[in-house]
Amino acid sequence: MARSLNEWLWQHEFWLPPGITWEDMQESEDIHYPQPRDLLLSIPFALILVVIRCAFERAIALPLSSKLGVRDKQRPKAQPNPMLETFYSTRCKNPEEGELISLAKQCDLPVRKVERWFRHRRNTDRPSLSKKFCEACWRFTFYITSFFTGLAVLYDKPWLWDHRECWTGYPQQPLQPSLFWYYLLELSFYWSLVFTLPFDVKRKDFKEQIVHHAATIFLISFSYCANYIRIGTLVMVIHDASDCFLEPTKIFNYMKWKKTCDSLFMIFSAVFLISRLVIFPYTVLYNTYYYSMEIFQPFFGYYFVNALLIILQLLHVFWSCLIIHMVYKFILQGTV
């Protein structure tokens, strides 16, 4: 059954344009094409990144937070209470009035004291400023490294300057070592984010982040297997451009450097809106949807990769609305 499923999954009609089969993608000593098995390397590399991140946050980011004056708030701890702790862990972290009254009777405590216990308990679970600072430092370090790595890899590639070159000779485009390692770096990083998701700071767009990570991993993996390497590199470098400004904005916010934070936020907003709402639709969406049709007819991979790119674009629109709302409040109130 597994063999039948494997044969069905790797039908060339799914992955390659009409008229091209896997036999046409045979490697030689001088020509190498992307191989799906290469993606398995991203898992151990992701685990290595997790280890590097833990060491980086403990040895560099955490001491740096202390030197830069990032102070955690001293929150009162909830007194040990097994019954309330069980309710908090298994039922609800923010009980309603009726539940508070019932719990107060069971514990023989005033309702206000039970309510205060839940408030203190919730505050205990809130991530500290130092944890947020360390997380932002790690992401900033990666994004700045990844962005300039992408520029170094792509600056002499013709498709960076002429987007139609993404499809010249497709899908028989040899895989260059620099592109392979760039892909592996990005894919490993997003796998590492998935691995650390339960431990990272949970923000308001937590569900959107899960969708984003899943779509990104699927997009990187599928584009590698189908040899959409050139368009994939453009997607990655465009995304990293704005992220390089987002994380330092958070860092200066945790440091209480208000003016620097506000200035970086406005720069980030401009870069994000331009890169995600202007450059990405033209350079990637229009390129993949329209220019590719000059080379081959539509096939499953064409529809699938475009569907993933549209999901990413919808997320771009969602986050853009949040950013525009914040910019609007900043203009009116003078603060982010």
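Quick reminder: no glycine exception, Cβ is built from N, Cα and C everywhere.
According to TrEMBL, the DNA-binding region annotation covers 86-129. The annotation domain 'Homeobox' is assigned in TrEMBL to 84-128. Taken from TrEMBL, the feature domain 'TLC' applies to 131-332. Summarising the annotation, TrEMBL assigns transmembrane segment to 136-155, 180-199, 264-283, 303-328.
Using the rule of three or more Cβ pairs under 8 Å, pairs at least 6 apart in sequence, the transmembrane segment (264-283) is in contact with the transmembrane segment (303-328).
Same-chain residues lying 6+ beyond the ends of the transmembrane segment (136-155) with a Cβ under 8 Å from its Cβ atoms: 53, 56-57, 60-61, 64-65, 178-179, 182, 185-186, 189, 233-234, 236-237, 240-241, 243-244, 247-248, 250-251, 254.
In the DNA-binding region (86-129), helix, strand and coil residues by DSSP number 32 helix, 0 strand, 12 coil.
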